[in-house]
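Below is one structure, written out as structure tokens; comments come after it.
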């Protein structure tokens, strides 16, 4: 059992806490801020532009070498990785407290830049956490360490995506206090990080004479993929597969608020119960991919995750009720998780084992970068099409990927 292992190995407990801290900012950007803005009367077209902060998670691969090769002055006395973790967690605490002092109804400029800063600091924190985890554990225990980190990440998202909404409601929408408390959690986490043991490794310094070989190392995985048949077509299928779902997710929380659901209902049903539906759906998605080949599994889960968007059209016509939201979240999260599992499985299959890490990063970065960029305009589409028209549009967005997969299913034997 994962929980038993965590309590037996203190290193896993450290990774659990770091995972929790890693997951907290993402839920703030995805959910908490959008709910706050919606209740403050900010237009949906403006709310979704805050999603630009998510781009840091897609682009972090470009500054991750800095985390490997440069130390933070003074703070690195506690360790190379810990220096970056302490810096990021301290700054995130200050950013969150500053965010709570802003008034969205009066001015959005400062809050906008603070949100972008939070995304950048959070993604940088993630890089350092992953590096610390990989450094601390032996090869045979990397699996349990990764599972612990993911478990903690989910808890962190529940804290700021669920508990924070509930706390804001019971304090009469005192968002300043809510963000202050979250900021204090990050401040306390900074103290904890100082106590974490870091395994110091001998790191090779960058040499200018090795730049040519470094470029070759980076480019080779890309050349390997693009040499294969239908490479561009496959890449487009990966990019479009989750686009409709990403568009839907970007406006979901403001949509619930507009329908009249309370923050506590969103916290309990969408975040807490929704996590259970997601876990079950992910498991079933794995079975589907095992039972069918890659393309057929993707087509099945792709169709399911797109048609479940009709549930939101149905929800839009219902008076606010616990049961209606529960049904919608069950259907949507279950199918979306099936699609995510299928996509991860397919991407993993596509990777050449010789270049697995870089090629996997290529696919995930291409997909998330496209999704995070396009979803910025989701609010404008809602204003143009209305809620039901927007939901139909998200269903249509899934069609290119499905048509491409059907085509590839006939052409490629995988």
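Placement of Cβ uses the backbone N, Cα and C atoms for every residue, glycine included.
Residues or ranges marked as transmembrane segment by Swiss-Prot: 15-35 (among others). Non-local neighbours of the transmembrane segment (15-35) in the same chain are 6, 47-48, 50-51, 53-54, 57, 85, 89, 92, 96, 99, 111, 115, 118-119, 121-122, 125-126, 129, 132-133, 136, 145, 148-162, 164-165, 182, 185-186, 189, 192-193, 196, 249, 251, 253-254, 257, 263, 266, 271; each lies 6+ residues outside the stretch with a CB under 8 Å from one of its CB atoms.
Sequence-distant contacts of the transmembrane segment (44-64) (same chain, six or more residues past either end, CB-CB distance under 8 Å): 26, 29-30, 33-34, 37-38, 108, 112, 115-116, 118-120, 122-124, 126-127, 250-251, 254, 361, 365, 368-369, 372-373, 375-380, 382-383. Marked as transmembrane segment by Swiss-Prot: 44-64 (among others).
Away from its own ends, the transmembrane segment (83-103) comes close to residues 18, 21, 25, 28, 33, 40, 67, 71-72, 75-77, 110-111, 114-115, 117-118, 121-122, 124-125, 127-129, 132, 175-180, 182-184, 186-187, 189-190, 193-194, 196 of its chain (Cβ-Cβ under 8 Å, at least six residues beyond either end). Per Swiss-Prot, the feature transmembrane segment maps to 83-103 (among others); the stated evidence is sequence analysis.
Annotation comment: Swiss-Prot describes 109-129 (among others) as transmembrane segment, evidence class sequence analysis.
Among the features that Swiss-Prot reports, transmembrane segment is placed at 150-170 (among others), with the record citing sequence analysis. Taking Cβ pairs closer than 8 Å, the transmembrane segment (150-170) reaches residues 2, 15-28, 30-32, 35-36, 178, 181-182, 185, 262-264, 266-268, 270-272, 275 in its own chain, all 6 or more past its ends.
If you look up Swiss-Prot, you'll see 176-196 (among others) marked as transmembrane segment.
Panel annotation: around the transmembrane segment (231-251), residues 30, 34, 44, 47-48, 51, 225, 298, 302, 305-306, 309, 312, 332, 336, 339-340, 343, 346-347, 350, 363, 366-367, 370-372, 374-375, 378-379, 381-382, 390-391, 393-398, 400-401, 404-405, 407-408 of the same chain, lying at least six beyond its termini, place a Cβ under 8 Å from a Cβ of the stretch. Residues or ranges marked as transmembrane segment in Swiss-Prot: 231-251 (among others).
Swiss-Prot lists 268-288 (among others) with the feature transmembrane segment, giving sequence analysis as the kind of evidence.
Residues or ranges marked as transmembrane segment by Swiss-Prot: 297-317 (among others).
If you look at the transmembrane segment (324-344), the same-chain residues 6 or more away from its ends with a CB under 8 A from one of its CBs are 238, 241-242, 245, 248, 256, 261, 265, 269-270, 273-274, 277-286, 288-289, 297-298, 300-302, 304-305, 308-309, 311-312, 314-315, 318, 367. Swiss-Prot lists 324-344 (among others) with the feature transmembrane segment.
Per Swiss-Prot, the feature transmembrane segment maps to 360-379 (among others); the stated evidence is sequence analysis.
What Swiss-Prot lists as transmembrane segment is 385-405 (among others). Sequence-distant contacts of the transmembrane segment (385-405), counting only residues of its own chain at least 6 positions beyond either end whose CB sits under 8 Å from a CB of the stretch, comprise 233, 236-237, 239-241, 243-245, 247-248, 251, 255, 295, 298-299, 302-303, 305-307, 309-310, 312-313, 316, 378.
Panel annotation: around the transmembrane segment (109-129), residues 18-19, 21-22, 25-26, 28-29, 33, 49-50, 52-57, 59-60, 63-64, 67, 81, 84-85, 88-89, 91-92, 95-96, 98-99, 102, 149 of the same chain, lying at least six beyond its termini, place a Cβ under 8 Å from a Cβ of the stretch. For the transmembrane segment (268-288), same-chain residues at least 6 beyond its ends with a Cβ under 8 Å from one of its own Cβ atoms are 27, 31, 154, 157-158, 161-162, 165-166, 252-253, 256, 297, 300-301, 322, 325-326, 329-330, 333-342, 345.
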